[in-house]
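Structure, as structure tokens:
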Amino acid sequence: MAKETYVRTKPHVNIGTIGHVDHGKTTLTAAISKVLAEKQGVDATDFAEIDNAPEEKERGITINTSHIEYETEKRHYAHIDAPGHADYVKNMITGAAQMDGAILVVAATDGPMPQTREHILLARQVGVDYLVVFLNKTDLVDDEELVELVEMEVRELLSEYDFPGDDIPVLKGSALKALEGDPEQVKVIEELMDTVDSYIPEPARETDKPFLMPVEDVFTITGRGTVASGRVDRGVLTTGTEIEIVGLKDEVQKTTVTGIEMFRKTLEEAQAGDNIGALLRGVDRSNIERGQVLAKPGSIKTHKKFKAEVYVLTKEEGGRHTPFFTNYRPQFYFHTTDVTGVVELPAGVEMVMPGDQVTFEIELISPVAIEQGLKFTVREGGHTVGAGTVTDIED
């Protein structure tokens, strides 16, 4: 069967549901899908399909996630829901699903629970800056004051992690009742999605950001010069533009792109997502290597020392069998290459066990083009043992 073409008529936004286990994330996801589908007369994705999340591999890590899509009048959404807590942690840290915003689900019957806090912290660390709150299961709480108390607790918790707790929109309802078709609760879901439409801003398009391309390969074309190939990470590149070659060396080289090719055809302009070869003026083959990046001048710098939020794989996931300690020296895989680094654990953390999620400091042996929010994997002897996100640059 021929694949449907994706017609781009509305702005596209990636969102997800986060929150404690059994607070109703998947039920809410199914309810949103159903309510919006009925409004538009299309098929909904049902609970069982979402709950039975397929395994995906991202950076060598297996994650169960469900991606569903739906539309409001204003936007097209891709919605991600992960069944298990470990799946969420892995998802957010590896960037398997880059979320522009999220719906935080809190059961009014329980209030904020440990994973509620953990997901809020993760959202803060990996750059999910916009949250909308859905207080679920309010039909099971007789006392209105209790619901208000839970709302206050959630707002305080959000403020604690530098979210605007007082201003974040909070909606109250029952995802299950909405899924069963209760008209009053269907209205709440419609209201929730109107709020998501207006509160979670449209993401800056990748093409509007400064040009960046990690170098995957370098070769020479006789008589023409050196070509660096790779996938454009963000921004656009036009022939004749001045760029910088950044990373792995202390000094930055400037050069001009004299030609761009894609699939052996000449291209005037390359955009985010394109796999290209860029012909670089006056650059010797020995002066550029895999793992460096081509970038808009001044847009990215090299660093050696940074803090990161890291998920350490379990033995079952192919990770280490034993804990590691301060001064652990694995390889950190950034962009397209491994660089050795030394781990310094925070005060009070003696060791890190497989399966842990932890923040620590890393000092690399060579400078790499990095910035806040960059994803990387931790490797040892060619095997992935962890995945991380840069949270703070220290040098």
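Using the three backbone atoms N, Cα and C, a Cβ is placed for every residue, glycine included.
For 10-204, the entry in Swiss-Prot reads domain 'tr-type G'.
Among the features that Swiss-Prot reports, GTP binding site is placed at 19-26, 81-85, 136-139, with the record citing sequence analysis. The Cβ neighbour count for T138 (GTP binding site), using a 10 Å radius and every protein chain shown, is 21. Mapped onto three states, the DSSP output places T138 (GTP binding site) in helix.
The region 'G1' feature in Swiss-Prot is assigned to 19-26. Long-range contacts of the region 'G1' (19-26) within the same chain: residues 47, 50-51, 66, 81, 83-85, 104-107, 110, 112-116, 119, 136-137, 175-176, each at least 6 residues beyond the stretch ends and with a Cβ under 8 Å from a Cβ of the stretch.
Here Swiss-Prot flags T26 as Mg(2+) binding site. A sphere of 10 angstroms centred on the C-beta of T26 (Mg(2+) binding site) encloses 21 other C-beta atoms.
The region 'G2' feature in Swiss-Prot is assigned to 60-64; the stated evidence is similarity to another entry.
As annotated by Swiss-Prot, region 'G3' applies to 81-84. In the predicted model, the region 'G3' (81-84) has a mean pLDDT of 74.
As annotated by Swiss-Prot, region 'G4' applies to 136-139.
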CB neighbours of G19 (GTP binding site) within 10 A?
26
Secondary-structure category, per DSSP, in which G19 (GTP binding site) falls:
strand
Among the binding-site residues K25, H85, which residue has the fewest other Cβ atoms within 10 Å of its own Cβ?
H85
